[in-house]
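Asks: Got a structure here, written out as C-alpha cells. Questions coming.
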Amino acid sequence: MDNLTFRHSILLVEGLKVTHQSSYPVFIVLFLAYIFTIVSNITLIFMISTEKNLHDPMHFLFCNLPINDVIGTTVILPRLMQDILREASERYITYMECVIQAYFVHVFTAACHYVLMIMAFDRYVAICNPLRYSAIMTNKMVIKLSALAWGLAVLVVTIMIGLTLRLSHCRSTIENPFCDNASLFKLSCENVAINNAFGVIYSVIVACLSAVSIFITYVNIAVLCIRSKNKALNSKAIKTCSTHLAVYLIMFISGAIFIFLHRFPEYSESRKLGSIMFHIIPPGLNPLVYGLQTKEIRHKIVKVWNRKIGNSLIYY
C-alpha cells in the first residue's frame, strides 16, 4: 500500500480498556482534571499578562510553562474522553489527525525540558549574578530564550515526524491511548531502525541535557549560598529554586515511570495509564506549585479571592 493510500486511511486506536460500568466515572474524572488544568493554567497566564508587578523576566519565562501545559492536555484529553465513551471497535482516527496529535504530543514533551532549562538559567543569573541581572535578562533576552526553547522543540519534532511520514504501512492499529511517533512508525513493515535510533538518541540527549544543566545550576547556587552565609540570599534561593525544582521533578518522575513501563510489554495497560498521567499530573500540579509558592502570584490570588468574598457579603 503506498503512502497516498495510507494518508487517507482510517486507523483504530486501542485506547484504555475500561468496562461499560466504569467508562462514565473515568470520563468524569478526566473531564474534571482537564477543566481544572485548563482553567488554572489560563488563569496564571491572564494574571501574569495583566498584573504589572508580575511583568518581570522570571514570570514571563514561566508563562511558557502554562502555555505548553494547555497544549499538552488539549491535544490528548478531549479525544481520549471521546474514545472512552465509544466501543473499543469504534475508536477510529484518520491518519492525518493521528500525525497532528503525535506532532503536538512530542512538542509538548520536548518543550517541557527546554522551558525548564531556560527558567533554571534565569534563576542562576538572579541568584549568582544579581547586580547584572537586569542587564542580562532584558526583554530581548527573554524573547530569545523563549524562541530558542520553542524553536528547538518544533525543529527536532518536525525532523522526527518527517522521518516517519516517509514510511508506508501494513497495519492499522495504534497500540496506545493516543498517537505518538513510535505508534506511527510501528504501523510500517519497512525497516524502522533509523526512526527507533533517532527517537531513542534524541530522548536520551534531551533528558540528560536538562538533568545535567539543572543539576549544575543548583550546585552553583548551593555553593554560592554556603559561601555567602547570607540569610536573605539563602531564603530567596530556597523560595525560588524549590518551586522550579519541584516542577522539574514532577515532570521527570512522571516521564520516567512512563518510559520504564514501556520496556515491559506485560504492563501495557499500566504503560498506557502512565502515558496519560504524564499529560495530566505535571500540567495540573504546575499551577498549584507556582501559585502557592510564588509570593507575588499567591498575594494576587488572595487579593482577588478577598475581593469576591467582600462583594458577595455586600450583595447579601
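Yeah, the Cβs are placed from backbone N, Cα and C, and that goes for glycine too.
Dumping what TrEMBL says about this protein:
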DOMAIN    40-290  domain 'G-protein coupled receptors family 1 profile'
TRANSMEM  24-48  transmembrane segment
TRANSMEM  100-121  transmembrane segment
TRANSMEM  142-163  transmembrane segment
TRANSMEM  200-224  transmembrane segment
TRANSMEM  245-264  transmembrane segment
TRANSMEM  276-293  transmembrane segment
Asks: Tally Cβ pairs under 8 Å between the transmembrane segment (276-293) and each listed stretch (24-48, 100-121, 142-163, 200-224), then give the stretch with the top tally.
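Replies: The stretch I would name here is 24-48.
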Asks: For the domain 'G-protein coupled receptors family 1 profile' (40-290), what's the mean pLDDT in this predicted model?
Replies: 86
Asks: For the transmembrane segment (200-224), which partner among 24-48, 100-121, 142-163 gives the most CB pairs under 8 Å?
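Replies: Stretch with maximum Cβ contacts: 100-121.
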